[in-house]
Structures are given as structure tokens and as C-alpha cells.
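According to TrEMBL, the feature active site, acyl-ester intermediate maps to B:SER330. Here TrEMBL flags B:ASP354, B:ASP369, B:HIS375, B:CYS388 as Zn(2+) binding site. What TrEMBL records for B:65-240 is domain 'Penicillin-binding protein dimerisation'. Per TrEMBL, domain 'Penicillin-binding protein transpeptidase' is recorded for B:272-621. Residues or ranges marked as transmembrane segment by TrEMBL: B:21-41.
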Amino acid sequence: MRSSGQDQQKSRSIWQRLHIDVPLLIGILALLFLGLFLVYSAGGQESAIVYRKIRSIGVALLGMFIIAQIPPLAYRKWAVPVFILGLLMLSSVLLFGHVGKGAQRWLDLGVIKFQPSEVMKLIVPIMIAWFVSQENLPVKISTVILAFILVLLPTLLIAKQPDLGTALLIASSGIFVIFLAGASWRLIGVCVGLASAFVPILWMFLMKDYQKQRVMTFLNPEQDPLGSGYHIIQSKIAIGSGGIQGKGWLQGTQSQLEFLPERHTDFIFSVFSEEFGLIGVAILLAVYLFVVMRGLWIAVNAQHAFTKLLAGSLTLTFFVYVFVNIGMVSGLLPVVGVPLPLVSYGGTSMVTLLLGFGILMAISTHRRFHV
Amino acid sequence: MTKRRIVIRNQSAEANLFARRAFIAFAGVVLVLLILFGNIFSLQVDSFEKYKTRSNSNRIKLLPVAPNRGLITDRNGVLLADNKPVYSLEVIAEDVKNLKESIAQVSQLLDINTERQEKFFKSLKQKRRFKPVELHSRLSDQQVALFSVNQHKFPGIFVNARLKRYYPFSDLTTHNLGYVARINRKDLNKLEREGKSDNYAATYGIGRLGIERYYEELLHGTIGHQEVEINNQGRVIRTLNYTPPVPGKDLKLTLDIELQMIAKRALSGHRGAIVAMDPRTGEILAMYSNPSYDGNLFVHGISSKDYKKLLNSKDLPLINRSVQGYPPASTVKPFLALTGLEENIVTEKTEIYDPGWYQLEGLPNRYRDWKLWGHGNVDLSKAIEQSCNTYFFDLAFKLGITRISNMMYQFGFGDYTGIDIHEESKGIMPSIAWKRARYNKPWYTGETLSVGIGQSYWTVTPLQLAQALTTLVNHGERKVPHLLKANSELVIESNGNTYHQITPTSYEPRPPLTLKKDKHWDVVLKAMHNTVQKVGATAYTPFKGVTYDASGKTGSAQVAGIKQDEKYDAESRTENERDNAMFIAFAPFDKPEIVVAVAIENVAKGGGATNAAPVAKQIMDQYFGDRVITSKTHQVATTLPLKAKTPSTIATTH
């Protein structure tokens, strides 16, 4: 925000009172705006899909605005009951959930259908941040272990659906809290070791065949170029053929001629790279970096351990989206269903993300609370 | 904070710790971004060319465009092989949801019979992926209209229009032209071996017999390409580039379709063949084998019923008799006489006495002449005019088989003529070595006597007869019989960069046959002239009154005309035992313009003179029209020989 006291007072009267963090908003809007153009290009140049995205952007921005009005410390009161409710919903998804695309993710409550796992993306960092900020930082080992268990519960429930992408994001959000809370490096080392030991168990007992297939494909996509390797090969062709300058908006042959799968959702970065080239990629990554910087700035400047941890976790988790999505479409990571944040088409994840940014804005703007 | 647990916090320490951790996290973020960017950089900059190529090969497809096949005309430009648009119903099985059901429905709609359906499912098994398979090869206009209206119900099934071969003269030209038939697996393998399969990517048919097969490379042309952009479904979005195909060369044949028609009419009701050739060039003017069949049947894929009918017909219409071996009988006597002269066994004036039979010294067998009471004193000319067997038994005996066969090779017997169709048979010119190789038996003198009257193992094709006669009338200058007069550009690209001109002059014959005495040619030719012109000679009656000064030689043979399978033999034994009638002729005597060879199988009555000679006459009548030609070099003696008589029907050979 503004640096001089006088100006700060003035600007606060406009944006701070609305609880809007302007730099963050600019970054967010830039990404959303880019998303509109890309979805139009990737979605067969139909305006209908753009209108739908505009509508969900409107809803999500409104949600963000509302969330931003809530003083962030208030979350602490609700952390435990909401977390327990979330776990219950996740369990019920597994029991009665609606099956879509081979996975149970949706809970049908009669009036609305929603994905409890999405809500958990916000609840888990809140819960863990609350849990570890009970005590003085850095966190004690016993707290870390307990926190880990708290993270593991929803993660396993979501992985079981199966939704590896979300499980990964949720696990990250919790782990980031623990990391930012100052868990000792030795502990981190032990955890990394344990996690590595967990991989074979994951492979043998938890992963479904299609997930194993994805990993195999990731390791060698050319092995089955028309089958499971097709997506990643076509994506790399799209990105690579974009070159430095790109083929131009709406001119990407890989996307326009539908060689790219999942063009307007998970693989939208490939469309972007094909049409806007390396220059576009550099700019996009810069915008993401800007958003992350702003988020971390908010975290560092937050006045309470809880809000610091929450803001930091939300920001870093946002970056995990970026990393996993770009990593997977460019062949660095196996294909897991993680969208390119704020750009991919898909209302649910965007709403969650913007709600998260709403929390960040709240943390940034509700400065004067009592410790 | 809650009231229960009040923690005394060290705010600044916490803030410092957090800031440190946040900074580490930020460093991690930057590092990860650099890794991501580095990876994208390597894709978009380092591997740009590779991915650009792959992107293009994804979307750009070359669609082959078939060239139009060259047309074939006769020597006067009458169209013999045309290309006509034909509508076929084709199916891309991969695009059809429920194949069996869809085929049943569309078959019901268009009234497609079960045989076609079965054929379709059969050919479905050996097709390439996403290649269309024909369900119906020739839709009527009504069917096309009916399908077009209902097309939306049948995804993956479509009407295709393509040019297909059409032979307006149907069976009249089939044995010469051959036909174009659908490319089958065998053709594909062959094309692949020869590295030509790319050029045939869009081609429907390939020349299967005759000219169509022999000049396939000229007729086919060069494939064109349409460069199109396709989407992931393979659907064409737009055309990027078009390289038109180069049509095949048009061919002009030496055939005269009117002469061909006469040949057919003359042979109607008979099994047999006619070859008419220009001895000056080797151009085939007419070549017809009766019965024939309609090549158009094969263009559209012949039904198994029709094919069985052709295959099982006793008359063997599929065989081109003009290039199949027949016993030459007496038609080869002029060539044997020439051999006698050349080997100094006889002179023009040498006479023998013919009592009606010939007997080898010390052997009981009598070899009979066709004339029971004999020809009396016979010289060379009379032996040919009257077709005296005794004279030629004696001559053959004195020559021996080796000298005979060596000379006959000089006339091209027992070897390919080199005509530009592949169906030719070599016939058989027997020799001691041949018999040893074939039967592992010695040669018997009695067989030499049979060879002397064109029998025994000796078989010649009508085409060989025409070629041998050409050499004879040309005084040894050989010609290669051929059907191609010219192609539209006269140039063909062969292997590498060599260019060959395919013109009539490029049929390279063997060097001319030279005799020790050049006048021997005239001795024999004059005898053939007499055979037609002299009152009472064997071929006098059939050519009585013609004005174009013809010469010729008759022949009759009592053997099965062509090699046939056992079944045929058994079923038609009696008919099969009848004589074959043969005739060779040329005209005019002084500067021959046409030679004709005729073979007719199993004639009901008479021999070469009564059956084959009139056929040759009809061809020559047509060829010469009203022209009146008389010889300035040879006056035929008008006196009637004493015992002259027309040929008898009981003759073995004459």
C-alpha cells in the first residue's frame, strides 16, 4: 500500500474501507482477463463459453469481495467445527457421492451440488494455521506431528475419491503452514524421508490404474503416442511449435484443429504458449510471480501469526497450482488434474481461488485488530 | 486469542522467523519459475524446429489425386478405351457405428443384393485402416439420388464418383486391349516391390492384360497431391496446396477397328483367330480371337457367376487364340521348301514322283498323301500349289530335323515374336534337343516326316505365322509385330534420366535373314502366288475374282487346336477330333501390304481352303476395297494342270 502516512490515510478511505488490496486485484484481473481470451480461442471461438466464464468470474469476484469484509481472526473461532464438518462431508462423498469421470467428488445436497474437497482447500490452511499458531513459533515437534495428522486426514480422503490433484494441493497448503511456522530443518528432512518411503505404498495401495498409467506415461510419453501419451505429446508439440513469438491469437493449429486435449481447462497453458510464444510465457510467469510476491508481502506484513501463516499458505498453494499445471503440460510432471489458476475454464476452482484471495485481502486490509 | 490459554508471544521473533521462512519460500518460488521457464525455453527455442515440423505433420495431410488414365484409339483415332464417370457406394468401416446394421439398412434402401454384401464383408478383412471399401461399384442415377437424400442416416457411407475404364467395342477389342481391374493385394505387393506404390495411392485399377497391362506405365500417369489441413478427426478443414496429377499418355494403336469387326464377323460361329499385319512395318491391323468376352465386366469387378461362366465355357473365351499354339499343318510348307532350296536338297526344277504315299527304305509304314492316287510328277511349285505331302515327306527326310528346326528358328517359330502384349505363347519348334529335354526320348525319323507336313509336336501361333510370312515376303527382312502405333508424346522416362522414344521404329527386330541365293525367296513366293491364282490350285476357288493379286497357303490339321484341360477334352471329344483349318495369305504379290494368318478349330467340313481361306479373303476384301492390282513381276501360268482338283475333305493335311 501507500508508503506515506498521509496518503495511506487517504487511500484507506477508499480501498481499505472496501477491503480491497489493489495490487493483488490488478494481478488477479490481469489473469482473469487473459483467461477470457484464451478460453475463447481454445473453446472453438464460441462466445457462449466466454459468457459462462464471465458469469462465474462475476460470482467469484463477488464471493471474494464478501470474504474480504470478514475480519480474518474470526476464522479461528470456526476452524475446528468447520474442519470436522469438512471431514464428515468428505467421508459422505466417498459413501454417497456423485460419480463423475470415474471419481466421486460431488456431494448432492438436493438444492446444490458441490465438491467438499474444494472447500477443504480453504479450511485446511485455516485449521492448521489456527492449530500451530496456538503456541509460540517455531513449532514444537509434537505440534508438527499432530498438524501432520490433521493434514493427512483430508488428504487421504480426497486421494481416495480419487482426486490426486486436489489432494496434492491440500497437503501442500498444510505443509506450507508447518514450514512457515518454523518447523526445524531436521524435522523437514525426516518428513521428506518418510514421504519418499510412502511413495511405494501410494503406488501399490492407493493409486488407481488410470493414475498409475498417467505416471507411466509421464515417464515415457512416446511409448504410446496415440494412447495415453497422446495428451502430453500433443501438448509439447503445441508449446514447442509456438516458438519465441507464438502463432498469434486464434492461430494455434494444435488448439484450433483440436489436436490438444482439454484445451480450455487443464491444457490451456499449451494453447497460450502456442499462440503467444516464449514472450507470452515470460509475461505470464511474471504476472504469477507478481501475485505471489504480493501475497507473501501481505503475509510478512500481517500482524498475527495466524494471519501470517494463513496468508503465506494460501499464496504458496496458489503457486503450487501454477507449478503443477505448467509442469505437467510441459512434460516435467505427470498429468494430474490441476488447472492453471485463474486462467483455466472451470468455475469451481476459480471460486475457491478467489475466495482464498478474499481472505488474503482481508488479512491485508483488516489491520487494526487487537492481538 | 482465547481466554483459556494465554501465550506470551515474542512478536518480533515470530515475525523474523516467518519473514525468513517466507523469504526461503519466495526463493523456492523463483527457482521453480526459472525451472519452468527454462523447460519452456528449451521446448520453444531449442526444439522449435522439431515441434514445428511435428505440428505441421499433425495438421497437414497429402491427399493423393489419381491421374486420368490415357485413352486408347485405333489407327484412325476411333476411341477403343474411354474413361467414364462411375458412382460407387463406399464405406469407411471405422466411421460406421453399427456396421452390420447399417449395411443391411442401406442395402435394403438401394436394393443391393446379398452377393455384393458378402463380397463387401470379404474385402473388408484385407483392407487398410480408414480406407474405404466398395459396397456397390456401379450405382444407377436413381440409386445415387436415393442415397443422397438419406445420406445423413449413414455416417461413414458415401457415394464416390470416379472415372472408370469403358470399352465401347466390348468383346471386339478385349484380347488386344486387356482390361483395367481393381488393384488387388498381389498388385499392391508388386507395386511396392517396384517402388511404384506411392504413384498408385489414389488409383483404383491397374492394367491386367493386353495393352492395358503392357503399357501400364505410359497409360497410368503421375499422381497429384492435394495438401490439406485436417483436424484431429482427420476432417479436411481447407486446401493449402494443389499439385495436379499428370494424366497418362494417350495411345494410338495400329489396329483398324473396321478390319477388326470384319474379323469378328468372319469368325462368328467358329473358335479361332485372325492376325492381319502390315509386312512393311509389323503393325498389327487386326487381331481377333473368337469367342471373346466383354472386358467391361472386369472393370467393375466381375460377379463370381459371370466369371464362372467364362471360366467353364467349353469355347474358352478367356484364351487369346491369336497367340496360342496350333499345329501349322501345310501352311509351313513354303518355309520348308525354302529350307530345301537353301540347303541344296532340291532346286526349283527337282521333281519327284508321287504315287500317293511315301515310304522310308526298310520300313513297312506308308505315309499317305491326302490324294489317294497321288500327284504324279511334282516339282517344288506344284508341291506347294497342290500341297503335296509326299514331296515334303521326302524333303523333310532329306533335310533331317536339325536343319529344319534351325531354319524355322530363323523365321521365329518356337520363340516369342516380341509383340507388345504379355499373353504370348512361344509355340513349339521341335528338335532333337527339345525332345530330349521335354520327354527324355530320342528323335525318330518318322517324326521328321510329320514335321515335313507341319504336324508332330510342332505348334505355331497365328501371330508367329503372320510374322514368319512377313519375313518371307520381305525377302528376309524381319519385323516385330506390334499394336502400339504411337503415344501422345512419344517419350517415356525410364530408369534414371534416360529417355526412350517409343515409336514404331523402336521395335528392334533381329538382323535380316540372308539366303545363299536371293532368288530362292521368289521361287517360294511365286509358288504361293500360284496357289491362289492358278486355276485348280488349292486356294484358287475361295479367291476367285478378287482384284488385289493375293497369294497364300492352306493347311488342315487333325489335332486338338489348343491345349485344354482334361474336363474339356472329355466333354467334347467328338467335336475335338475334327480338323483345324489354317490359312496364310499376303497381297498384293509385288509389294505386299498385308499378311493374314487364320486358324479355325474343329471345322465341321472341309479344311483350310474351304474354311480358313474365305475368312482371310473377307479381311483382304475390306482392306483393299475396290483397288485393282496386278503383278508386273510374276505371270501365273493359265494352263490347267492335268489332274487338278479342289482339295478333298478326307485329307489329313493339304
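Cβ from N, Cα, C; glycine included.
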* Secondary structure at the residue listed as 'active site, acyl-ester intermediate', reduced by DSSP to three states -> helix
* Between B:ASP369 (Zn(2+) binding site) and B:SER330 (active site, acyl-ester intermediate), the C-alpha gap once rounded to whole angstrom -> 12
* Structure fact -> DSSP, reduced to three states, assigns B:ASP369 (Zn(2+) binding site) to coil
* Asked: Where B:SER330 (active site, acyl-ester intermediate) and B:HIS375 (Zn(2+) binding site) are concerned, what is their Cα separation in Å, rounded?
  -> 16
* **Other C-beta atoms that fall within 10 angstroms of the C-beta of B:ASP354 (Zn(2+) binding site)** => 24
* Asked: Per-residue pLDDT averaged over the domain 'Penicillin-binding protein dimerisation' (B:65-240) comes to what?
  -> 87
* Additional residues surrounding Zn(2+), by Cβ distance to the B:ASP354, B:ASP369, B:HIS375, B:CYS388 centre under 8 Å -> B:GLY356, B:LYS371, B:GLY374, B:GLY376, B:VAL378, B:ALA383, B:GLN386, B:ASN389, B:THR390, B:TYR391
* Sort out the sequence-distant neighbours of B:CYS388 (Zn(2+) binding site) for me: same chain, 6+ apart, CB within less than 8 Å of its CB, listed by position. => B:ASP354, B:ASP369, B:LYS371, B:HIS375, B:VAL378, B:LYS382
* **Neighbour-count leader, CB within 10 A, recorded positions: B:SER330, B:ASP369, B:HIS375** => B:SER330
